[in-house]
Each structure stands twice: as structure tokens, then as C-alpha cells.
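Quick one: the structure is below, and I'll ask about it shortly.
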């Protein structure tokens, strides 16, 4: 299984070699790593409230408040109507409640719950003889479930979930669509409620909605609900959700932006995990279309498509090769070089870093795709969040690359930006840059030993000229033990010549390369 970022440095703590296991260099996404899930998605799209079919709420805010107050004054009347035995009165009053719950801002969800009508609405869901009443009750409950977790819990506790699932086979299009929406809101509340809905068998019933007769509004709602069934941490059981893959494989060929967006988000959730999940996503036949969507004009589609491609290349070399073979790399070059926003460039760099963590053939393909120059440009000039991912991409290439590949990286100017990041506040990135520089120094040393450079490690000189030597010296006083030890090791290996050691020192005062390193006070200084 691929290691997460914090495990990667741990695994490498005691090993300093150029060729590392590709699995070790790959990084699954951390929850907080990429801020692509914008507030808008978090706040608005996990739950959706259905507003009025005609936007009658055109009042100014103060007028709207007084209008609402007047509406609430009629609550006792509406409650009585809902609990009456008169079907037409039940419908009329349920519709009024639904309208109250559909106002644009701050609908009175709490007041409606307190009025005690929720169990009655759940009863109305069973009225197969009166689809219009079912529809209005389902709409009202959908909007109650769009509120807080407590609001959602009320809807669940009155036994609505199995009834909503049964309504997915209603002969009424409107009732089915409203049931889909309600289940999406309930599942979108939390992993706990998502699993409750899935546990009642909702997925199979939901997947049945994706048929040739489905209206676009149903496709949009059902795809959104499907994405909520797949999202959240802890993740749903893959055994439950993988049945969605064939449907998602069809949905990503839609021309509708909303359907595409939510289908790609669902795939991004399903591909976020172990290699068996990644393999199932690959076998759903989605890779070719995902690469096409990396060129989509809408960021709302591009972002989850890129997220999914990025997840797939956290897999093993064979899985990563699938994305390479589908020509993902030219699309990634485009994302690095064109005018895309920070979060997209960052995600693209993260994706590339997991490809450069692959084998030497894959590193060569990255080089031949022309990715290194734009990567180095971002490493030097981009915002820090992008620089961090670019540093991983370059460092991983130095870890797995051969002699000529690493020389090519140096020829593209990677040394100075790696040196510049040695003073960044993120200790993991400092370590990543030190590892990259160390791998480069090893190649310089090999060239020196071959007699190609007149007895000089040319890359050590370049690091010195880039003010890297001074920065590495300063890292000897770093709080992080791994950074401090690695800095000492690099200095000792590539800059400490015999003539620099005072003759008066006894041999046993320093034990370089052993388990213990005894340092002079203040560390080494070669300035």
C-alpha cells in the first residue's frame, strides 16, 4: 500500500539512496492537503433546499420578514388542516408548509418542526392514492432535511428513509425525483446518515433512475445524490458503492455540466484509497474520458476530473501507466503553463509528483512530455502552496531517476529553487528539498569519481553559488532532528575535506557514517 506523506519521510529516515521504491514516493492525498473543495461546495452542495417553482419571494428583506411573520400567524390553521381527514385540505396546508420552507433566506425549519407536523408529512409519503400530496410532503421533508443535523435527524427518526427509498419506484416522475433529492440531503448530512441510507439499500434503487426516460432534472438530482452516497470520511464500504461505477462510467459522457461535475466528484471519492479501489475505477473504463475532461472549459468539471486522475496515479506503476497511456501528461503540461488558478496548478503538481515517484521509464516520459521546465518555473516563482507540490515532483524524480535524468533536471535549473526552499517554514518540504539536493550531489560525486570534472563536484559548486551551502549549514541548528542530521550528513560527505579538519583532533572524536555523530560546537561552517 502506498505510504502517506508523513509516513514517507519516516520510511526514509535511515536510508539515503538514489533509487527508492516508487510506492514509497507516492502520496495519497491528506484531507487538508488540497483546498479544492471550496467553501461553496462544502456549504451549499452537500445539501440543497428546493425553492419555489416560481420565485415569488421578490420582497425586500424587511418586507420578507413581515410577510413571513404573517405566514407564521396562520400556523395553527395550517397545523389543523394537515391533521384533518379532508384530503384536499391536507394538500392545501401541506403545500403552504412547503412554501414556507422554500423561502430564499432563513426558512422557519425549527418552527415547522416544533409545530409537530413532521410525522404527519411522513404519513403522507405513504399515500400512493394521492401522488400530489406525496410530492408536497416529500418536498417539505426535503427542505427540513436541508437544515442542521438535528433537523435531518427529526426527518430520519420518524421513519422516512425506507419510505423515500420505496418512493423511488413510484409511477410519478415528480415523486421519484423528490425522493431522490430527500435522500441526497439525508446522506449529505454526515457519514453516519449516509451509511444509514446505504444500509437500507438505497443505491440499487437510485441507480435504477438512470434510464433513457429520465428527464434532465432527474439526472442532475440523481447524480448529485449519488455523489453524496460516495463522499465523506470515513468512507462508505467500497463493497456498497462500487456498484455505481458502471453508471458513473456512462454519466461522465454527459454534455450537461452539472451531471459531469457530480459524476466526476463521485469518481474522485471512489478512487481515493487503496489500489483495489483504483483498479475498480480503471476497470470501469473511465480513464480516457477523464483525460478529455482535463481540458474542459469549466473549472467545476475540470477540478474533480483532475482529482480523480491524481488519485489513480497514487496507485502502483501499472495503474499509473494507464493514465500515461491515455495521454494525461500533455493535459497536465497545459494545466501548468496556462492561466489556471492556484488550486488547479497545485493539484496538477501533486499529480505529477506521483508520476515522478514511478519507475525510470515513467520519469523519462515525464521529461519527454516537456513537464520539467514549467515545473521548475513554478518551483521558483509560484505561490508557496504550489512550490511545495513542485518540490515533491522534482525530488521524487531525483530519487528514482538515473544519472542522465538527474543531469537533465539540473540542466533545467532545479538547484536554485530547491535551495531557496530550504528556509521555508514547512519541515517536511525542507526535508524533501534536502533529499533532492543530496540525490543531485551523488550524481556530481559520481561524475567527479569518473574523472569527468577535473576532480570537482560541479553540483556542489552550483549549490554553493545558489547560496545553498550557507542554508544547509544553517540547518545544523534546526529543531527537527531529521533535518539537522541530514544537513550534517550532506556537509560531511560533500564539503568536509580532510584538510579542513584540524590536525590536533584525535581520530575517535568524530565518527562519520556511524550511528553517532559528535559535532563541534555550533556545527560545521565552510563559509
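Each residue, glycine too, has its Cβ placed from N, Cα and C.
The domain 'IBB' feature in Swiss-Prot is assigned to 1-58. Annotated repeat 'ARM 1' per Swiss-Prot: 109-151, in sequence order. Positions annotated as repeat 'ARM 2' by Swiss-Prot: 152-196. Swiss-Prot lists 197-234 with the feature repeat 'ARM 3'. Under the heading repeat 'ARM 4', Swiss-Prot lists 235-279. What Swiss-Prot records for 280-319 is repeat 'ARM 5'. Per Swiss-Prot, the feature repeat 'ARM 6' maps to 320-362. Per Swiss-Prot, repeat 'ARM 7' is recorded for 363-403. For 404-445, the entry in Swiss-Prot reads repeat 'ARM 8'.
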Determine how many residues of the repeat 'ARM 4' (235-279) DSSP places in helix, in strand and in coil.
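Across the repeat 'ARM 4' (235-279), the residues distribute as 33 helix, 0 strand, 12 coil.
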Within the same chain, where does the repeat 'ARM 3' (197-234) have neighbours whose Cβ lies under 8 angstroms from its own Cβ atoms, ignoring anything closer than 6 residues to its ends? I mean 6 or more beyond.
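Long-range Cβ neighbours of the repeat 'ARM 3' (197-234): 31, 45-46, 48, 161-162, 164-165, 168-169, 173, 176-177, 180-181, 183-184, 186-188, 190-191, 240-241, 243-244, 247-248, 250-251, 254, 256, 258-259, 262-263, 265-266, 269-270.
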Taking a Cβ cut-off under 8 Å, which residues six or more beyond the ends of the repeat 'ARM 6' (320-362) line up next to it in the same chain?
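Residues 22, 24-27, 29, 33-36, 38, 282, 287-288, 290-291, 294-295, 299, 302-303, 306-307, 309-310, 312-314, 369-371, 374-375, 378, 382-383, 385-386, 389-390, 392-394, 396-397, 399-402, 405.
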Determine the mean pLDDT over the repeat 'ARM 3' (197-234), rounding to the nearest whole number.
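Across the residues of the repeat 'ARM 3' (197-234) the model's pLDDT averages 97 on the 0 to 100 scale.
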